[in-house]
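As annotated by TrEMBL, [4Fe-4S] cluster 1 binding site applies to Cys33, Cys69, Cys104. Among the features that TrEMBL reports, [4Fe-4S] cluster 2 binding site is placed at Cys179, Cys183, Cys186. Among the features that TrEMBL reports, domain 'MTTase N-terminal' is placed at 24-141. Look at TrEMBL and you will find 165-412 tagged as domain 'Radical SAM core'. Annotation source TrEMBL lists domain 'TRAM' at 414-477.
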Amino acid sequence: MEKIIEESKQGDSLVLEYKPENVKKLYIESYGCAMNFSDSEIVASILSENGFNTTQVMEEADLVLVNTCSIRDKAEQTIRKRLEKYNAVKRAKNPKMKVGVLGCMAERLKSQFLEEEKIVDLVVGPDAYKDLPNLLAEVEEGRDAINVILSKEETYGDISPVRLMSNGITAFVSITRGCDNMCTFCVVPFTRGRERSREPQSIINEIQDLSDRGYKEVTLLGQNVDSYLWYGGGLKKDFVNATEMQKATAVNFDQLLEMTAVAFPKMRIRFSTSNPQDMHESILHVIAKHPNICKHIHLPVQSGSDRILKEMNRLHTREEYKDLINKVYSIIPDCAVTQDMISGFPTETEEDHQDTLSLMEYVKYSFGYMFAYSERPGTLAGRKMEDDVPEETKLRRLQEIVDLQQKHSLIRSQEFIGKTVEVLIEKISKKSAEEFSGRNSQNVTVVFPKENYKIGDFVNVKITSCTSGTLKGEAIGLSDMN
Ligand code: SAH
Ligand code: F3S
């Protein structure tokens, strides 16, 4: 899965290469989106330069860090339960253990954490990870430490993240941080700050390093990748004040994606997430032109109703979205499109919900992430709109959306039967040690007998059967991407 880290990995602890000179032990857990998992690698990298080895045994840790998610109330409740667990360990087994909260919940709740959750010693927002060594020094001296300052510049472009929680084949590379879109339901602009882009050369260098170490696929990550704009640093919103020279030499997402595809012809390039209002036809031509750019666009729409889209401050209409979809399918005929949907946004009527279902029928998404609306304090919808759709209605509508998606996923999967697709082998299949598992360009999981292939190979696989989420087939040879 591309954007949201799969359920089984939520809360995974990260393990780094052991450095004998490091004497302290760090236990770090991550929740939420790919950006958080990627940030934890940056944090681990900073701390491994500052005396820490990682451990997977919380009971023996000197420092426990949890990288948190605020996107829905449920995500925050999960973290609260984890904090209770750390507290129990601290009391019963390891009184010297320090606990730090990182990420979006740290940013949202700030010092409230130190006041309410007595076990928390350290609160660090998503733009302050480089300050961790200083903050830890404060904690060592017995003081609570907090840094939740959001930055105009920070992209961590100069930190090379450690990669040891990955499969050695696919990696995330952050290209933008923050978001300027202000969708009225969304807490991200508040927790991750204003949008800024990372210097292209540092992105290319990071991918080069990954390539040198045998990685075969990167996913360029951002809240809104199509809005990427490098003009020498600074916030996207300040581009209007850039000098003529900066404007003339600026790099946009089309250019970055093309640059990456050309520089690394033997690597697969993915990107996520695209926002419909920022995605232009030009990018579709870039995707169509380069075989190593995966034919998959994650294009969340949230609702199919014009009225709700407006209330959500999504800056496009249903018709405009359909036009964009038409362009996608005409310029890149084999492209998979995936969605995010929210059911039960305030004031959503049965008719609005039907509009969502009919838009889904129109697009026939390959896959989706679907959620019941969760009011977030501080957002515009949270402040100005009553959360007036009853929970059971939200859940019933959500189920209808999920059921329809399931049907469409199956249709999309069936389209591959009889076809040959290129698969990058990522791992041994969970279900059978005799089979490999990987993904095709459209981001669908493909499972097939191992034969003599190995992890990291690009293999052409003839698809013989499927479920809604998985294709099955047989390898017919290595592809020319090797
Ligand atoms: N642009 C981001 C979106 C991050 S949030 C990206 O990189 O994907 C991921 C998804 O969570 C959103 O697309 C939306 O469908 C869902 N979401 C966000 N806020 C929500 C809320 N308050 N209630 C329910 N779902 C929400
Ligand atoms: Fe959130 Fe909308 Fe940005 S969903 S992350 S405010 S594009």
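Positions of Cβ are set from backbone N, Cα and C atoms, glycine also.
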Using a 10 Å radius around each Cβ and counting other Cβ atoms from all shown chains, which of the binding-site residues Cys104, Cys183 yields the largest count?
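When each Cβ's neighbours within 10 Å are tallied, Cys104 leads.
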May I ask which of the binding-site residues Cys69, Cys104, Cys183, Cys186 have a CB within less than 6 Å of any atom of ligand 1, listed in sequence order?
Cys186
Let me know the DSSP-derived helix, strand or coil state of Cys104 ([4Fe-4S] cluster 1 binding site), please.
helix
What does DSSP call Cys33 ([4Fe-4S] cluster 1 binding site) in the simple three-state scheme?
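Cys33 ([4Fe-4S] cluster 1 binding site) sits in a strand per DSSP.
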Averaged over the domain 'Radical SAM core' (165-412), what pLDDT does the prediction give?
96
Please list residues from the chain of Cys179 ([4Fe-4S] cluster 2 binding site) whose Cβ is under 8 angstroms from its Cβ, counting only those at least six apart in sequence.
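Cys179 ([4Fe-4S] cluster 2 binding site) has long-range Cβ partners Cys186, Val188, Pro189, Arg192, Glu195, Gln223, Asn224.
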Which residues, sitting 6 or more apart from Cys69 ([4Fe-4S] cluster 1 binding site) on the same chain, put a CB under 8 Å from its CB?
Tyr31, Gly32, Cys33, Asn36, Ala75, Glu76, Ile79, Gly103, Cys104, Met105
Less than 6 Å between Cβ and the nearest atom of ligand 2 is the rule; apply it to the binding-site residues Cys69, Cys183, Cys186.
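From Cys69, Cys183, Cys186, counting a Cβ under 6 Å from ligand 2 as near, the near ones are Cys183, Cys186.
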Quick one: which residues besides Cys33, Cys69, Cys104 have a Cβ within 8 Å of the [4Fe-4S] cluster 1 site's Cβ centroid, in sequence order?
Tyr31, Gly32, Met35, Asn36, Thr68, Ser70, Ile71, Ala75, Gly103, Met105, Val188, Thr191
